Amino acid sequence: MRKYDPIIVALDFPEERKALEVAEKIIPYVKNFKVGLELFSVAGPHIVKALKEMGTNVFIDLKLFDIPNTVVRTLDRLLTLDPFMVTLHILGGEEMLRESVKLVSQYKESNKTEYPYLLGVTVLTSFNEETLRRSWGISRSLPEQVLFLAQLAQETGLDGVIASPWEIELLRNNLRRPMLIVTPGIRLTKDKTDDQQRIMTPREALERGSDYLVIGRPITQSSDPYEVIRNIRSQIEDIVESRL
């Protein structure tokens, strides 16, 4: 069992060297790191191994989305890296989800571990109501679509979902049983959105029921990332302590 810490730092960099430099600076203060598609595409499994050797927990965020056989084979390779979390798109469908859950469950049982958490992506935080309709042709409202996908994730056995801060309360109030909610779109102030549409501060997200916060640019692009982390921890300390 790893000590609970809701902060996950997103290493969204186009090169391995820069990602490791940033990680080395803040490892004394945070242990959870996210490797996304951009970094994995240039550094591959090596970046995960390098971070693991530094004593970190690695969230592999590739949002797998393909035919079931391809996703399962890819997931099987990712499991050799001992990840903390792995993501796939819930839109991949019930068969893809169930086969992925089956594989990960077998891995957990064989290795006597509760990790990785298998997480389903609901609706990307860059989407809003208009882009949901225009890009996907879906008539449901954005909250309805998030809930629909989260319910499918729960029915097929996933450990949790990726959902924006705006949908946390909706999920907590409507899912049949608790599941992990991992929240991107975290900003220290609401006046800096970048390419994110549905954002919230760290404390607000935890108060609404998020379990983990994915925070990238506010930390990694700061001239003093330690100070940013310290400020975040001071804001959420009481909430974290209540969950230990």
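The backbone N, Cα and C atoms fix where each Cβ goes, glycine too.
Features as listed in Swiss-Prot:
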ACT_SITE  Lys63  active site, proton donor
BINDING   Asp12, Lys34, 61-70, Thr125, Arg187, Gln196, 216-217  substrate binding site
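In sequence order, Val71, Leu88, His89, Leu91, Gly92 are the residues near Phe65 (substrate binding site), counting only same-chain partners six or more apart with C-beta under 8 A. Spacing of the residue listed as 'active site, proton donor' relative to Thr125 (substrate binding site) is 13 Å (Cα to Cα, whole number). Counting Cβ atoms from all protein chains shown, Leu62 (substrate binding site) has 17 others lying within 10 Å of its own Cβ. Comparing the binding-site residues Pro68, Gly216 by how many other C-beta atoms lie within 10 angstroms of each C-beta, the top residue is Gly216. Between the candidate recorded positions, Asp12, Lys63, Thr125, the densest Cβ environment within 10 Å is the one around Thr125. In the three-state DSSP scheme, the residue listed as 'active site, proton donor' falls into the strand class. The secondary structure of Pro68 (substrate binding site), as reduced to three states from DSSP, is helical.
In the three-state DSSP classification, Thr125 (substrate binding site) falls within coil.
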